[in-house]
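Note sheet for the following structure.
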Amino acid sequence: MAVSGYGKWFELAEKDLKTRKFNGVEYRYYDHGTTNLWEDFSRSVSRQPDKTALRAGNSSLSYREMQEASRRLASGLWNKYQVKKGDVVALLLVNSIDFCLSFYAAMYLGAIALPLSTKLKATELNFMLKDSGARILITNPEWLPNVLPFIKETNIEYIIVTQPITNKINSNFGSVSTTAFKNIFRETEIPPAPVDEQDGAVIMYTSGTTGKPKGAYLTHFNLLQSVISYERTLQLTAADSTLIAVPIFHITGLAALFLLFMHIGGTVYLLPFFNTQEVLNILTCYSITFFHAAPTVYIMLLEQGYRHYQLPDLRKAACGGGAIPIETIKKIKTWIPQLEFHTVYGLTETSSPATLFPGDVATSPKIGTSGIPIPVVDCKVIDAEGRDITGKGVGELCIRGPVVTQQYWNNDEATTRAFQGGWFRTGDVARIDGDGYVYIMDRLKDMINRGGEKIYSLEVENVIYSHPGVKEVAVIGSVDPIYGEVARAVVVPNNHGSSITGREIQDWVRARLAKYKVPQYVNFVNELPKNANGKIDKKLLRQQFQ
């Protein structure tokens, strides 16, 4: 049975909602009055042209300056390289003003932006550049060694570099032309391309933990519905400011922070690489009011900031990109009492948000959930045969709504497999309670089957996280000759937990959960492996401990 986000939110969150059919499916959407991301950004420029839009280190741009620079860059891309509507422009850049200008220049031309992780290996970049058909690559020379070995196999015709190329880098680009970023800008005025809301804006590849990466094709409509949903449900305004400390080339950094704040007219501070001390200093010195990051970031901030930083201006925070331990949420509330903390669930395929906790999760009896569907989204859970599960049953979470992509780029097979009857199958195990709150239990592939008994790793992890000596933990399945599979906990102790033992962890879980959920094995490590998205790489852990 489907659960709708509509009717569960306060009045402002559901304002301007309308209903229409798309591909035979009826859904709700925000009637905002803009049809594409450039138009939406320009609306913010017209409202407060002289306000600071971006700040990175000692550099800053007002909304007017940012718009003008993006226009001039677009003019150069069009005049010099004939970049036009529908072309794919790859951005291999960290959080920077160059990324932001390049993104909006692409939007101005009706091109499709392809944000690429700077953490990817050469083979991964090769696949994404070939699969996307990108013609233009904008990057820093630092990342060229991961691109040049296969550049002739791709459709890349031009590489634009944001810094001078040093002699240390092999300059054998073959027939590919290279140009300095600063030399692209042109004063010649060209009109913005006529872009429809259903035109493609972004191709963003998933992390590929289950095989080859899949390119989620996100339209202007998808991303506009995403940012408006965040604006309304979080009640953010132009008076707010944020720090992007997560990668802008992932969906949280791009949609839930950068595009959201350009939409509301707030100020964005860009940090190229995550550094705990720098994050705490910027949050304090620039009176940041909103922050959004993954669970690992909050764990690190707590460890260094708890006793030394008060963050009195931080009024709201969100956490997505994985399940945050309940114990961590409680510690954050103790550290920053005025903070309204929201858990978020979403994916690249949902343009970031699908569910969000309404209000402060730390003070709610519903702590541990990912909230309720945002107003434009419906959720349901299904069994292994694809049948709807009613009541409080556990199954695969499915989502529909205008934030959801309609296809994977150049991958009909994956599209058919993931989208059924207007619903997107997330691959996550969940249950939905009687009030419409969604509880994410596990990834389907991470669920442990111990002799027919289902063990949800997140449930066991939450219990282990409550141990005072634990910094991080991942629970995985290990092969067992009797039960087929048993639980294994891989633990990173904190500063107070250097002496904890495996038996102590097992006893801690045994006192709080059923006996079959107690990890058969406990291993201690200094660090858990993370994938390019900053999530714990359980696939690699399973390989290490088999």
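From the backbone N, Cα and C atoms, a Cβ is placed for every residue, glycine too.
Computed from a predicted structure; not experimentally measured.
According to TrEMBL, the feature domain 'AMP-dependent synthetase/ligase' maps to 41-409. What TrEMBL records for 459-535 is domain 'AMP-binding enzyme C-terminal'. The transmembrane segment annotation in TrEMBL covers 88-111, 242-264, 279-301.
Beyond its flanks by at least six residues, the transmembrane segment (88-111) meets 36-38, 41, 54, 56, 59, 61, 66-67, 69-71, 73-74, 77-78, 118, 125, 128-129, 132-140, 143, 147, 156, 162, 181, 192-195, 199, 201, 203, 244-245, 247-249, 253, 258, 268, 270-273 of its own chain at Cβ-Cβ distances under 8 Å. Remote same-chain partners of the transmembrane segment (242-264), defined as residues 6 or more beyond its termini with a Cβ less than 8 Å from a stretch Cβ, comprise 37, 40-41, 44, 53, 91, 93-95, 99-100, 103, 115-119, 202, 204, 223-224, 226-228, 230-231, 236, 270-271, 274, 279, 282-283, 286, 288-294, 297, 318, 320-321, 344, 346-348, 351-353, 533-534. Per-residue confidence over the domain 'AMP-binding enzyme C-terminal' (459-535) averages 92 (mean pLDDT, predicted model).
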